[in-house]
Amino acid sequence: MLALFFSLAPLLSQALPLGYTAAPAESFYFWPENISSLQAGEIFRKRELLTLPDIFDFGPNLEKVVQVAYKTRLTDGNDSFSIASIFIPKNPSPELKLYSYQTFEDAVQLDCAPSYALEVGNKSSNYLPVTSNLSAISRELEKGRHCIIPDHEGYISGFFAGRQEGYAGLDGIRAARNYLNGTNETPIGIFGYSGGAQATAWIVDLHDEYAPDLNFVGTVSGGTLVDAWGTFQYIDYPKVYLKGSILIMYTGLFSGYPAQFEVIWPYIEPVIQENMLLLRLAPNDCNQSPILQGYNNSIMAGIHVDLPEFPASKYIFQHESLLANYSVVPVSTPKFPRYMYHGGSDELAKLSLVEQYVDQQWNTGANLTFVVYPGLLHDETAYRGFDAAMDWLDAQLDSGYLPPVNSTHT
C-alpha cells in the first residue's frame with residue numbers, strides 16, 4: 001500500500017497527471033525527459049490559456065494568461081517541476097513589476113492545483129478556494145503590473161510541506177520573471193493568506209539561500225502557520241471536527257519527506273492509511289468531505305509513535321519550523337520589508353507561535369510590520385485585513401520602501 005502511495009506522484013506526472021481528469025491539455029503536465037539538464041526556474045513548456053472561466057472579470061486590464069512549466073526541486077534535493085500562471089496586463093507599466101499571489105490550494109492532488117483550476121473552472125473541485133481572492137490580481141493588473149500564481153505545492157502536491165512550497169514558489173516567480181525578460185533588479189511583491197501564507201513564509205525564509213537573485217521589495221503573509229508540530233498540537237486533538245483538513249496536512253507534510261514517511265507508515269492505523277490513499281487517489285475530490293467518516297479520534301492518536309521524539313517524525317518537524325529555538329536549520333532574517341497580519345482569536349494558526357516568530361525576527365533585525373486584529377477568527381481576518389495589507393504592498397511596489405511599524409495591534 002505504501003509503495004502505491006509513493007509511486008502515485010511520479011506516475012501521475014508522467015501518465016495521468018491530473019488525477020485521471022480527461023483534460024485536453026493533459027500533456028502539459030507530463031514529466032520532461034531532460035529535466036536533469038535544466039536550471040532552477042528554467043521553462044521547458046508554455047501555453048496561453050485561450051479562455052478563462054466566466055467568474056473571472058478582469059475588464060479591460062487583462063491582455064492574456066500564459067502558463068509555464070518550470071524546473072524546481074524537492075525537499076530532499078531531487079529534481080521536480082511545477083506550473084506558474086502569468087497574468088499579462090493590457091497596459092503594462094513602463095517598469096516591469098511583478099506581483100506573486102500564493103493562493104490557498106490546501107489539497108494533495110494535482111487536479112486541485114491553481115493552474116488547472118484556472119484552465120477548467122468549476123470542472124476542478126478546488127475552483128472556488130483557488131480563485132476566492134483574485135480581486136488582488138485585478139487590482140494589480142489595473143496598475144499595469146504582471147501577476148503570478150505559482151503552483152507552489154509542486155507536482156507532489158505537498159500541502160503543508162513548507163520547504164517544498166518555498167522552493168516551488170521561488171522557482172515559479174523566477175520562471176515568470178525570466179519569461180517576461182526581467183532582471184535581478186525587477187521589483188517583486190508577494191502575498192499569501194492561510195495555506196498561501198505558509199508558502200509565502202517559506203519563500204521568504206529560503207530566499208536568501210536559494211534565490212537571492214529575486215528582488216523582493218515587499219512580502220505579505222496573513223494567518224501564517226509557522227511551526228508544523230505546534231500547529232498539530234493546537235488543532236489536532238481539541239478540534240477533532242477538523243479531522244479531514246488535519247489529515248490533508250499530515251498527508252502533504254509527510255509526502256515532502258518520503259524517506260521519513262516510509263519509517264512512520266507502519267505505525268499509522270489502517271483507517272488513516274486508507275484515507276491518506278483516498279486523499280491521493282479519489283479523482284478530482286479536493287474538498288474531501290467523506291474523509292474519516294465515523295473516526296472521532298485525533299489523527300495523532302492514530303499514529304502510534306511519540307511524534308515529537310520518534311526520530312523520523314522529529315526530523316520532519318524540526319525541518320518544518322520557522323522558530324529559531326526549534327528548527328535544526330538556521331532560520332533566515334531577510335532584510336527586505338515584510339508585513340504580517342493575524343486574527344487575535346485565530347482557531348487554525350496559533351497566535352502565540354506567530355508572535356514568537358515575529359519576536360525572533362525583530363530581535364535579529366527584521367524590517368517587519370506585524371498587525372493583530374483582536375477577537376477575529378481565521379476567515380474573518382482574511383477579509384478584514386486584506387485591504388490594509390494590499391495598500392502596504394502597493395506602496396512598497398510604488399516606492400520601494402516603507403518604514404517598519406512593530407505593532408501588535410490595529
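From the backbone N, Cα and C atoms, a Cβ is placed for every residue, glycine too.
Looking at Asn287, Asn325, Swiss-Prot tags one of them with N-linked glycosylation site, and that residue is Asn325. Of the residues Asn184, Asn296, Swiss-Prot records the annotation N-linked glycosylation site for Asn296.
Ranked by how many other Cβ atoms sit within 10 Å of their Cβ, the recorded positions Asn181, Ser194 place Asn181 at the bottom. Sequence-distant contacts of Asn133 (N-linked glycosylation site), defined by Cβ-Cβ distance under 8 angstroms and a gap of at least six in the same chain, are Tyr101, Thr103, Tyr193, Ala382, Phe386.
Each of the glycosylation sites Asn325, Asn367 was scored by the number of other CB atoms within 10 A of its CB, and the lowest score belongs to Asn325.
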